[in-house]
Structure formats: structure tokens, C-alpha cells
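What TrEMBL annotates here:
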| type | residues | note |
| --- | --- | --- |
| DOMAIN | 489-538 | domain 'Cationic amino acid transporter C-terminal' |
| TRANSMEM | 48-67 | transmembrane segment |
| TRANSMEM | 79-101 | transmembrane segment |
| TRANSMEM | 113-133 | transmembrane segment |
| TRANSMEM | 172-193 | transmembrane segment |
| TRANSMEM | 200-223 | transmembrane segment |
| TRANSMEM | 235-257 | transmembrane segment |
| TRANSMEM | 278-303 | transmembrane segment |
| TRANSMEM | 323-346 | transmembrane segment |
| TRANSMEM | 430-450 | transmembrane segment |
| TRANSMEM | 455-474 | transmembrane segment |
| TRANSMEM | 494-513 | transmembrane segment |
| TRANSMEM | 520-540 | transmembrane segment |
Amino acid sequence: MALRDVLLSIAQTPHRLRRRALVTWTPAQELNEVRDRSGARMKRRLEWYDLVGLGVGGMLGAGVFVTTGRVARDTAGPAVFASYVIAGVSALLSSFCYAEFSVRVPVAGGAFSYLRVTFGEFVGFFGGANILMEYVMSNAAVARSFTDYLASTFGVTEPNAWRIVVAGIAEGYNALDVPAVALIVIITVCLCYSTKESSMLNMVLTVFHLLFFAFIIVAGLWNGSARNLVRPHGLAPYGVRGILDGAAIVYFSYIGYDSASTMAEEIRDPARALPVGIAGSVLVVSALYCLMSVALCVMLPYTEITETAPFSSAFREKVGWRWASSVVGAGASLGIVASLLVAMLGQARYLCVIARARLVPSWLAKVHPSTGTPMNATIFLGFCTASLALFTELQIVFEMISIGTLLVFYLVANALIYHRYVKVGVNRPLHVLLFLLLLTLSSLGFSLLWKIDGWCIWGMALFGAISIAITTIFHCTARQDIAGPPSEWSVPLMPWPAAASVFLNVFLITTLKMRSYQRFGIWSLVIIVFYVCYGVHSTYSAEENDVNAMIHHSNLDIS
């Protein structure tokens with residue numbers, strides 16, 4: 001591109017932002033015109049049980065084995081199971097929103113596609129880039145925890161025993177994790193080969209993992225003591241605030257169900273399989289998470305839980321089953337492999353569809369004609385994940401995880417309400433936008449008052465009542481304008497589930513630490529700068545080329 005063209009593009013940036021930032025695509029365009037930009041199509045080879053397996057496999061492993069010990073010891077105490085309940089309810093409500101959207105728009109773009117067809121290109125890109133960041137960082141965290149559990153399988157308890165500590169590199173980035181990188185490379189190769197075979201591998205790993213979960217739950221409850229749930233400082237030593245703070249952290253455990261929605265293009269019967277796979281897997285995993293966290297806390301007091309590989313340590317040090325410690329390490333390692341497999345499957349499809357929209361280089365959208373997989377996107381994100389896992393310790397990664405996921409789930413819940421109650425060209429969106437704004441503000445008011453030391457009970461009650469009142473009013477007045485849910489499957493009792501999802505996601509976002517906001521702010525700035533400097537110009541130029549091509553073909557037809 002010549003310097004003159006670059007300068008012209010920069011000068012036209014405001015005009016192009018006005019033209020592109022709020023432009024939306026219809027579900028029909030996403031399913032046909034946009035999908036065709038990948039060349040070959042992804043192959044529809046998955047059944048409903050594949051989706052359930054992918055949803056369960058994607059979530060099991062990450063949460064329990066990476067966050068439970070840390071949250072139980074430092075944030076929620078033995079009441080960590082209650083944190084999982086709250087996070088699970090929020091995830092279930094969000095999963096309903098995802099399920100309906102995936103039936104309406106059965107493409108591989110997940111939240112990116114849902115937001116783009118509802119709120120426009122910029123909001124879609126902002127949400128998609130955030131969920132991609134969450135995927136890469138959470139996958140890096142899970143891969144590093146794989147090294148901890150694999151080492152514990154062989155009786156190694158030193159956290160960095162299997163890592164290479166390099167002098168001269170800043171602390172937190174100086175423990176090079178070669179096993180984590182090797183695992184990511186192997187999974188990347190598998191995902192490039194075939195989605196169906198990857199799903200079968202995940203199914204095998206998930207079955208073994210469920211049996212392993214059952215062993216830990218039964219053995220932990222059998223060898224534990226209920227007294228440990230109240231020792232040394234009671235069931236909830238950090239209070240209700242600690243439980244809710246813990247819920248925001250363990251929400252990271254539920255990011256896997258989002259991967260199931262990205263399989264929409266590869267499901268034979270999306271309308272039946274997607275709701276079952278997405279919502280059903282959240283219910284199963286929530287129950288297992290609660291039982292696993294209780295099993296850990298009855299085995300030993302929360303103050304004695306170790307930060308790394310807590311389940312292996314509990315069996316080895318407190319129960320005296322050194323052999324069980326190795327079993328736990330092996331089972332956790334298998335679960336982490338399954339979790340990574342599904343998450344990396346999902347992240348590649350997100351990037352593929354973002355590239356179809358021409359917001360990132362289009363070569364990332366290409367689907368290999370033989371394997372039917374987005375090979376370029378898979379390899380690129382595999383490289384990014386491996387690079388992060390090589391250097392960065394878990395605590396640094398955790399400070400970025402959750403806030404982006406919660407924000408995207410918040411946006412998807414808003415988008416579902418808008419999509420349900422606004423029909424373009426028939427009714428105006430003002431009353432829906434006003435409802436969403438008031439609901440967000442009342443949720444934010446409740447959440448901020450909660451953070452005040454000593455609380456403000458009357459203020460919280462007021463904002464809670466306002467949230468219920470405005471949802472009731474909207475429910476009664478907006479039904480006549482409803483755009484109509486899909487005939488195959490829709491969220492029942494709307495708008496209540498989506499409104500509750502908005503409220504809970506806002507609440508959980510406000511419980512996160514300040515450093516999470518700081519790093520999220522930096523990442524958001526990067527997203528905005530990238531969109532202004534590249535994305536908007538790429539999509540605008542592509543639009544002009546498409547229009548010129550249509551005019552050219554029309555002229556040929558006339559002549």
C-alpha cells in the first residue's frame with residue numbers, strides 16, 4: 001500500500017468509524033455469505049453426545065484443580081462450595097442465553113457472532129477479542145498446572161522441580177515450563193488433524209476423568225471429617241463477602257461451556273444438540289465442582305490446603321495414601337488435557353470467524369479442505385498459548401482471567417433481550433435500550449453498595465427492588481412488541497433469566513480486585529487501538545471492493 005493511500009485512510013478514519021462501527025449482519029448473512037469466506041466448510045460430523053462430552057470435558061479439570069485450593073485457603077474458606085454454586089447459577093443463566101443464540105445463529109463465532117448481529121461490528125469485535133484473551137490466558141494457566149500434577153504423579157512435590165528457573169529474568173516470568181509447551185504443541189497438532197477424532201479423544205478422556213472424580217469424592221468424604229468444615233474459624237471464615245469474591249474467581253472454571261457453542265457449524269442437528277450440550281454440561285459440572293470442593297475441605301482444615309496440586313497433597317500428607325496422591329496426579333493430568341483440548345478447539349473457531357469478518361488478517365479464516373478444520377487459526381493461537389505458558393506464572397495470569405469472560409457474558413445477556421424484543425423496521429429499540437440501561441445501573445448500584453464496609457442494607461434493598469420492578473414493568477409492557485423466539489428452542493420465562501444473568505454478571509465483575517481492572521483496561525485499549533488502526537479500515541475497504549464487484553457484474557449482465 002502506497003504512503004498516499006495510508007495517509008488517506010488515516011484522514012478518513014472518523015468517516016469509516018461512523019460507517020462501520022454499528023453495522024450489523026443478519027443471521028442469514030452469517031450462515032451463508034460470511035461463512036463462505038473460509039473457502040471450504042467445516043464438516044458436520046458431531047452429534048449431541050459429542051457436544052455434551054465437549055462441554056463437560058472443557059470445564060472439568062480447569063476449575064477444581066487450578067482454583068479450588070487457592071480460593072478455599074485465601075478467599076472463601078470451607079464455604080468454597082457455595083462460591084461454586086453462585087458461579088454455577090450465573091453460568092447456567094448465561095448458558096441459556098448462549099443456547100438460544102446458537103440456535104438462531106448456528107455459526108462458529110460464538111459470542112462474537114451473537115454480538116455482531118445485535119449491536120454491530122465494534123461491540124462484536126470487543127467481545128470476541130476479550131473472550132480470545134480469556135481463552136489464551138486460561139489455557140496457559142491450565143497448561144502450567146498440568147506440569148504440577150504430572151510431577152505429583154511421580155511423587156515430586158517441589159513446585160518448580162520440572163521447570164527451568166532462569167536467573168536474570170523478572171520473578172514470575174523466570175520459571176520456564178517446557179512440559180506445558182510440549183502439551184500445547186501436541187494438542188495443536190491433534191486439532192489440526194480432525195475435529196471428530198479430537199472429540200472422540202475428548203470423550204475417552206472425559207469418561208476416565210468422571211470415574212476419577214467419583215473416586216476422589218468418595219475417598220475424600222470417606223477419609224475426611226465434617227469437623228474440618230468448621231475448623232479453625234468456622235464454615236465461612238471470610239464471611240459472605242469472601243464467598244462472593246470466591247465466586248468471581250472460580251467463574252474461570254466455567255469458561256469451557258462457551259467452547260460448545262463454537263461447534264455449531266459442525267453439529268448435525270444444532271437446534272436439538274446445542275441447548276442440551278451447553279446447558280446440560282453446566283449442570284453436570286456444577287454438581288461435580290461442589291462435591292469436589294467439599295471433599296477437599298473435609299480432608300483437612302482450609303488453612304492447611306496447599307496452593308499447588310491441593311488434592312494430591314491432601315491425600316499424601318493427611319490421609320496417608322501416597323498411592324492415591326499419584327492417582328490424583330494422573331487423573332488431574334488427564335482432565336487438564338481434556339480441558340485444554342476443548343478450549344483450544346473453541347478459541348481457534350472464534351479467531352476463524354473474526355477473520356471471516358475481516359477484522360483480523362483473512363488468512364486466519366481459511367478452513368483446510370481435507371481436514372475441515374481452521375488450521376491457520378489453530379496454529380497461530382497454539383503458538384500464542386505456548387509462549388505465555390512458557391514464561392508466565394499462574395498468579396499473574398489469574399489476575400486477567402474472569403473479568404473479560406464476565407463482561408462478554410453480560411453483553412450476550414443484553415444482546416438476547418434486545419434480539420428478542422426488537423424487530424428491525426417494526427418497532428423502535430428505545431424502550432429496550434432504556435430497560436437495559438436502567439437494569440445495568442440498578443445492578444451496579446447494588447453491587448457498589450455491597451463493597452462498602454459495613455454494607456448499606458437499605459440502599460442494597462432499594463436497588464434490588466428497582467431491578468425487580470423495572471424487569472416486571474418491561475415484562476408486562478414489552479410482550480406485545482416481541483420479535484418472536486426461534487421455533488426450535490428458546491429461553492423460557494423471558495426476560496427474567498437474561499435479566500438475572502445481567503445482574504449476576506455485573507455483581508461478580510465488581511467483586512474482582514483492582515489489578516484485574518487495570519490490566520483489563522490496558523487490554524481494552526489495545527483492542528480499541530487495533531480496531532481503529534486496522535479493523536475498521538480492513539472491513540471498509542472490503543465493503544468497497546464487494547460493492548464494486550457487484551456493480552461490475554451488474555454491468556456485465558446488462559451488456
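Cβ atoms are placed via backbone N, Cα and C, with glycine included.
Remember, TrEMBL labels are computer predictions, not curated facts.
Here the transmembrane segment (79-101) does not touch the transmembrane segment (455-474). Their Cβ atoms form fewer than 3 pairs under 8 Å, with each pair 6 or more residues apart. Shown for the domain 'Cationic amino acid transporter C-terminal' (489-538): DSSP residue counts in helix, strand and coil, namely 40 helix, 0 strand, 10 coil.
When pLDDT is averaged over the domain 'Cationic amino acid transporter C-terminal' (489-538), the result is 86.
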